[in-house]
Amino acid sequence: MASFKIRSLLFLLLLITVQECRSSKCKQVTTPMCSDIIRYPVLMPNMFGHRSQDEANHVIQQYKPLISVACSPFLKPFLCSAYFSPCTSGQPGEKRKLPCRSLCKNASAGCLTLMRSFGFEWPKDLRCDRFPEQSPTSRCIPPESFGL
């Protein structure tokens, strides 16, 4: 009887794992704001916990006015690479590839004055200290990836 329960539990765990893998497949970006600059397959959920591209798109649309006024050429690449990070090889312990801190700093430096003039601050979720410094050993997306 105990053997049957153990086998049933293992089978259930296998099904859950397979379902999780299916829901975490790498897919091309379909978000209109980012599909022209993000050419790599992405994996959801993202660093903010958005489980689908639609969820991430809903949030990223809030920044459309800032992108439209072109307060920084770094803003769109930063946002798109933050919300849509590349798929990883799936190795245990492998970290998500995020935008480099320099990309974040350039984006915020260009837009912060405008944001403050309307009573807004740079979002806490996008604080630049959350992103890795660019170095020969870092796995981050530098501004140069976007021709900047």
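Glycine residues also receive a Cβ, built from the backbone N, Cα and C atoms like all the rest.
Under the heading signal peptide, TrEMBL lists 1-23.
Annotation comment: TrEMBL describes 21-143 as domain 'FZ'.
In sequence order, Cys26, Tyr40, Pro41, Val42, Leu43 constitute the residues six or more apart from Cys87 (disulfide bond) in its chain with CB-CB distances below 8 Å. When secondary structure is read from DSSP and collapsed to three states, Cys87 (disulfide bond) falls in the coil class. Among the features that TrEMBL reports, disulfide bond is placed at Cys26-Cys87 (among others).
In the shown protein chains, 21 other C-beta atoms lie within 10 A of the C-beta of Cys34 (disulfide bond). The annotation disulfide bond is assigned in TrEMBL to Cys34-Cys80 (among others).
Of all the Cβ atoms in the protein chains shown, 19 others lie within 10 Å of the Cβ of Cys128 (disulfide bond). Taken from TrEMBL, the feature disulfide bond covers Cys104-Cys128 (among others).
All protein chains considered, the CB of Cys80 (disulfide bond) has 26 other CB atoms within 10 Å. Each residue contributes its Cα atom, and for Cys34 (disulfide bond) and Cys104 (disulfide bond) those atoms are 16 Å apart.
If you measure from the Cα atom of Cys104 (disulfide bond) to that of Cys80 (disulfide bond), you get 11 Å. In terms of DSSP secondary structure, the domain 'FZ' (21-143) contains 52 helix, 7 strand, 64 coil.
A distance of 15 Å separates the Cα atom of Cys80 (disulfide bond) from that of Cys128 (disulfide bond).
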